[in-house]
Structures are given as C-alpha cells and as structure tokens.
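> Per Swiss-Prot, transmembrane segment is recorded for 64-84, 110-130, 133-153, 161-181, 189-209, 246-266, 287-307.
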Amino acid sequence: MNSSNLENLNYKSSIRDEVVPSRKKLTLPPWLEVAKPRLIPLLLATTLGGMALTEEWPLSSPKLICTLGGGALAAAAAGALNCLWEMELDKRMTRTSKRALPAGKLSSETVFLAAVSCTLAASMLLVSGVNYLAAGLTLLGLFSYVILYTVILKPRTTKNIVFGGVAGAIPPLVGASAATGHVGLSGWWLFGLVMLWTPAHFWALAILLKDDYASVGIPMLPSVKGSVFTAKAISRYGWATVLMSIMGVFALPEGGLLYGIMLLPFNGRLLQLINELKKSPDDLSRAKSLFRWSILYMFGICLLLLISRTQLSVEFEQQSMQIFLSIVSLLSN
C-alpha cells in the first residue's frame, strides 16, 4: 500500500470515529452495549410525536410511562437480537470486532435470555398499562427490525434500509394507538415521514462506512453503487422528506401554523447539507454533517409537534387569525 492510500484510509478512519460513537471515547457496560441504547431516544421521541398528533394529548402519566417504558424495553430486545444474529459478521469487521458479543464479554445464551426477558416485560407493560394494539404494534416493530431487516433484507439487497425502515417508523403508530386505541391519518403521516427520512439518514452514514460493509459483503447502497449514485438517492429522499414534513401543518389537530413556521429552518438546513453532499459525494466530512443533522432534524420535528400542542401555539394561531382578518378588513374598505 502506497503512502497516499494509507493517508486516505487514515482520513476515512478519523472521520468515522467522529461520526460513530467510539467505544474508546464512550465505553458502555457489555450488557448495555448490546441493547444499542443510542438508538432508543429517537424511537421514543417519534412515539411522543405520534401521541401529540391525537386529540387525546396529553396522556395520563401512567399510560405515558408504560408506553415509553415498553417501547424502550422492546427496542433493547431488538438491539440485543440484532447483535446476536450479526455476531459472526461483527467479528470480521474492524469497527465492530470489539463489541461485547464478538469480544466474548457476554455469552450468546445470556444475551438471548435478556432479549426474551425484555420482550416479555415490554409486552406485559403495554398490555396491562396501555392497550393490546400498542403492544401488538411494538412487537411488530421488533419483528420487523430483527427478521425483516437484519435477517432477510440487510444481507441481500441495496434496498434493505428502504423497506427495512418500517421498523423505525412504527413507534409513531404505537404512540397514536396508545393515545386513542386506534391509528388515524395523522399517525400514518408521521409513519410515512420517518419512512422517507430513514434512507437519507442512514445512507449518509453508510457513505462513511462503505468500505467496512464491502469488506464483509453487505450490499449497502454506497458499497455497491458508489457515493455519487448514493448522494443522488439521498437528494431524492431528502426532498420527499421535506415535502412530507410540510404536510404536518394539516396533520396536527391544532397548532399547525406555528409548526409550519418553525419547520422552515429545519428543512432549509437539511436541503443545504443534502445539496453540499450532492456536489461533493466523496467528501466524508459532508456526509458526516448530513448524518448528524438528520438526527437532530427528526428530534426537532418531534419537538415541534409537542410545542404545537401547547396553549402558546393555540394563542399564536388565534392572534395570527385576528391580524389576518384585520388586514383583510382594511384592504376591503
């Protein structure tokens, strides 16, 4: 290997270390590591978003705690089963070889029993404290992540995250069903938004890790089609995400005006980063920036949904309508 190639690999490695939380920088106990706790907060945020889209918001504290607690336990179980299934694959990748299972810090039996225990606990909590539909949807999300994405799609197709993203899009349905006992159109809107957001979000990370995926034969889009093709795909899904996010103005029972106004800078920044990556698809720092912002973007959307259901938002809409009617009255005279 010549010096230029070595420098390029070192550069990519340093960028990856900045994007993917390093075990050297943040060491988790083995039992917590396999639960993939970094993924759970965003899943719970979209669950809250699904709740905020219903007329029943805010929920009672017991139901809220049971919904979020059950969701966290199910997500932990899904993470553990994912680690268990991919243990041999992780051993072959430098980035993942020191994880708890491939490094032998935990036994397969222990992780499997923990996953089953978390699944049972989540089911009991949701059935007893929420409702059967919320419990069933949560288990469907777990099944989708472990079986549909991890086992079936991930090792077989570049569209793995497009269809496998359904697992990450189910929490809004759980939130809506927890609040009302059914899933309305607003809940399906947030489901669709997460589905469209997921490929653009994940492919930005996959650009940084494309060599790792290629080395073990995982057909992630950047590894198979290259960064240029992937950046164009990210752009398409990014624009679709922006257009879908605007529909939230109509999905909210109230507060849509404030949501729409506060949404503008989020969408503007997302499109800016997507455009920058499209211009320089091999620039890992741009992929890193887009990946990071995409996470903040979805957290931001959920926060906007919650803010839009406050009394402040209702008063803002009322005052805005009064100002609008006053302007119309002045112009008509």
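From the backbone N, Cα and C atoms, a Cβ is placed for every residue, glycine too.
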> Counting only pairs 6 or more apart in sequence, are there at least 3 Cβ pairs under 8 Å between the transmembrane segment (287-307) and the transmembrane segment (133-153)?
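As far as Cβ distances go (cut-off 8 Å, pairs 6 or more apart), the transmembrane segment (287-307) and the transmembrane segment (133-153) do not touch.
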> Where else in the chain does the transmembrane segment (110-130) make close Cβ contacts, counting only residues six or more beyond its ends and a cut-off under 8 Å?
31, 34-35, 62-63, 65-67, 69-71, 73-74, 76-77, 80-81, 83-84, 101, 138-139, 142, 178
